[in-house]
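Shown next, in structure tokens, is the structure this report addresses.
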Amino acid sequence: MRIREGHLVGDVAGGPIRFRDRVLGYIGLTKPRVIELLLVTTIPAMLLADRGTVDPLLILNTLVGGLLAAAGANTLNCVADADIDKKMKRTERRALARATVPRSHALIFGLALSVLSFFWLWWTTNMLSAHLAGATIAFYVLIYTLVLKRRTSQNVVWGGAAGCMPVMIGWSAVTGTIQWPALVMFLIIFFWTPPHTWALAMRYKEDYEAAGVPMLPVVATERQVTKQILIYTWLTVAATLALALATGWLYAAVAIVAGTWFLAMAHQLYAGVRRGEPVKPLRLFLQSNNYLAVVFCALAVDSALALPTLFSV
């Protein structure tokens, strides 16, 4: 048995659940792949905040706190979504859908991780970072999961704000404040989330429809969805270029090249739908992960090298 995207892959034998399966179930609840992507954005934000001179211990402590916060939020999300996870093929093998972990135990686990993350960040970084993490968990679980997700096709637009917070937490851990580069990084991820998520939802439209989740591809035509994907992709790239005001030439060059590539894929998807051709939205979903990773890795290297900024702002 192995873990993939918060799922348990493999069969749990009948009868009592083995200890190993239970442990894998708890790990799966935290959605490790999602956490991995969130943490990829935290380190570059911290390096940019102090142009590469950040204390490695502070980075480690912030990552631990961020990991605990994301794991807690994801677990509580799984608890709230246990009913619809059973109805979707993409999620039917998650631990709660298969009863590998009791729902009450998962709730306690998620709450414990969330509380621990708050006090960890408070103790090792500062109060602002701790409060940002706590607010993110509350927003993701109470606003996105319990309210927006099942009620509006714009759920991922507003709910995606939670996924933007690691850059704010990372920045505030270093500076104790929130400044404009942190807000621009927030916008990069905020605008990136809809095309990333809607591309996946296009592939699993029937799943969301069966679960009663009004994702945009469920309630709108493919042409409308891909047009929205294109708009948000342009906004994403524009935000990455705006961040170049605070970086050196390396980040700016990578942002231009990667942005051109990301836009080309979004335009290709939109053009294919307009022509009535079969399209592969999952390709855009997967490559959007690579795009975000490349841009933020370039930011990390640019900041670590303390390259001279292109503009004085």
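Cβ from N, Cα, C; glycine included.
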Segment assigned the feature transmembrane segment in Swiss-Prot (from 152-172, 215-235): 152-172
Range from 152-172, 173-193, 291-311 with the greatest count of C-beta pairs under 8 A to the transmembrane segment (34-54): 291-311
Intrachain neighbours beyond the transmembrane segment (152-172), with Cβ under 8 angstroms and 6 or more residues off its ends: 38-39, 41-46, 48-49, 62, 65-66, 69-70, 73, 121, 125-126, 128-129, 132-133, 135-136, 139-140, 143-145, 178-179, 181-182, 185-187, 189-190, 193-194, 197-198, 213-216, 218-220
Chain residues in Cβ proximity to the transmembrane segment (291-311) (below 8 Å; excluding those fewer than six residues from its ends, i.e. six or more beyond): 37, 40-41, 43-44, 47-48, 51-53, 188-189, 192, 196, 240, 243-252, 254-255, 258-259, 261-262
